[in-house]
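Taken from TrEMBL, the feature domain 'ABC transmembrane type-2' applies to B:125-356. Look at TrEMBL and you will find B:30-50, B:168-188, B:208-231, B:243-264, B:276-295, B:331-353 tagged as transmembrane segment.
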Ligand SMILES: Nc1ncnc2c1ncn2[C@@H]1O[C@H](COP(=O)(O)OP(=O)(O)O)[C@@H](O)[C@H]1O
Ligand SMILES: [Mg+2]
């Protein structure tokens, strides 16, 4: 193997900028992704995720800034690099009127990969029973999985997935998560974009939160949430405890009753929960810790809306 | 990492892309209809309308009998309709049912014609006049001073199918080639298939040449279908000796029109625009190139314009080798023109090639 990648990162992106007319779509984006890492770029629609990803893949030329993938420049089109990256475009792109297996075999053949290897990929994404179904007859989730299989057909080192779970029903989304985890277990470096913050929190080793073409924060989801120093909310059924009683519990910073439930905020949830258990006041208990959405709210001053 | 996966392999890319496109084509009913059945419908309809006999003979009414009537019948130049009475015949001519009527009583032969159709009238007068002269000379017992020996130049007969088949086939081949490249290119660009292919280590030339191969296969299919149908007894096409020279011509025509389609496809952003552009190129060209009807009677300047069109040369070449009995020498000019178009437009289109609209 070549000495590229390694300590300097499999993907090194520095100060990317891209403008469409008046709109600064990407405004100074830098990040590094290590080998085998699952890296997520999150943000609402229009944040500049796709543009960033396409520049990194070598599909677009940045106005300024630099990208190195495995030590190589992706722009202009770099045939040495192409076999080592696998890309799922945001809009799925298939040949007309071919079955799932034929799509996969055609894409695989573009990289000189044999049919047998390609067929394994259908198994991986759970489409073995749809092998002979025409692509246009697949459901949205199945089409996304086929698209991912096509991106993986040539066994690339780096996989780019642009909103693979967008517009899927919850069940399909969860199925896809399993596929993504299997890909990571195979040692691939994954860069993926999503506008579902909850999903990124579950899947990613590290995330970059993007808005208006800039990265606002970048770290592991847990560290981002912890760094927020936001209180945990403990919710109880109304009437289990009075507001006055709740306020006397040590560690409780605020109490809020909305007629349906009683919400206590605390930064020390463990002793508060112990105190509630002591009083037998655990009816309808729910605990909500801070999420990436709270991080987004904190960073931008506005509620997160995908 | 497996090194085989990294090598790419142009041959396997070429094969798989061609196969993918061929499957896509064969599974598209509408596409099959427009490529095969639609042009064939023209052949069938025109073939039936213009009939087996080509130029129709004038039909004239006849009253009475005599040597002139017998000679007219033998001439084969006119069709005769026997009528009982002179009044009857004259009325039919006046009503426009017949262009003319011959009234023969003894040694007098009267011709009554309708001057409303000048061409028909002139034709009938010429034929009847000629026959009367011939009968007179024969009756005088003198040998004719000048002998006229006339023979038709074209093979066997004036059958319309003889020029319809090469013409309509040229039109069908060029239309599918131009659409095959223009619309495919635009559709693949719009649906991001080209972008996706761009991410694989595949040269542009492989993408384009695999589509060209499919277009050539389609053209061979069209040729076989057209010749097969036109050769049935219903239409009665009779091919001349080296008709198979049409095949290399069809290939060159496909090449040229594929390049024209690539050129159009590099500008168009949507399939609709590409379709309109292709139609705009190929339809006027078809009319000016003698694919639907012979162009020989068109005014001189129009003929000059048509000489600049690749379809004109394709059609001429096809007529030459398929029905005029010419040999390989007839391919020289059409081949040069078609290759010229292919090279020039292909080169320009390659420079204009875009993987995406972004
Ligand atoms: N080809 C383009 N031309 C002009 N504007 C574009 C183009 N692509 C994206 N944009 C704009 O750039 C911004 C960022 O888009 P995008 O990168 O697609 O965001 P995201 O993927 O996060 O939704 C959006 O406002 C979008 O409208
Ligand atoms: Mg996007």
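Just so it is clear, glycine is given a Cβ too, placed from its N, Cα and C backbone atoms.
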>> When you look at the transmembrane segment (B:331-353) alongside the transmembrane segment (B:243-264), do they share 3+ Cβ pairs under 8 Å, ignoring any pair fewer than 6 residues apart in sequence?
In response: yes
> Thinking of Cβ pairs under 8 Å, which stretch from B:30-50, B:168-188, B:208-231 has the most of them with the transmembrane segment (B:276-295)?
Replying inline: B:168-188
> What else in the chain is close to the transmembrane segment (B:208-231), if you only count residues 6 or more beyond its ends and a Cβ gap under 8 Å?
Replying inline: 13-14, 17-18, 21-22, 25, 35-36, 39-40, 43-44, 47, 161, 164-165, 168-169, 172-173, 176-177, 180-181, 184, 237-239, 243, 246-247, 250-251, 253-255, 258, 262, 350
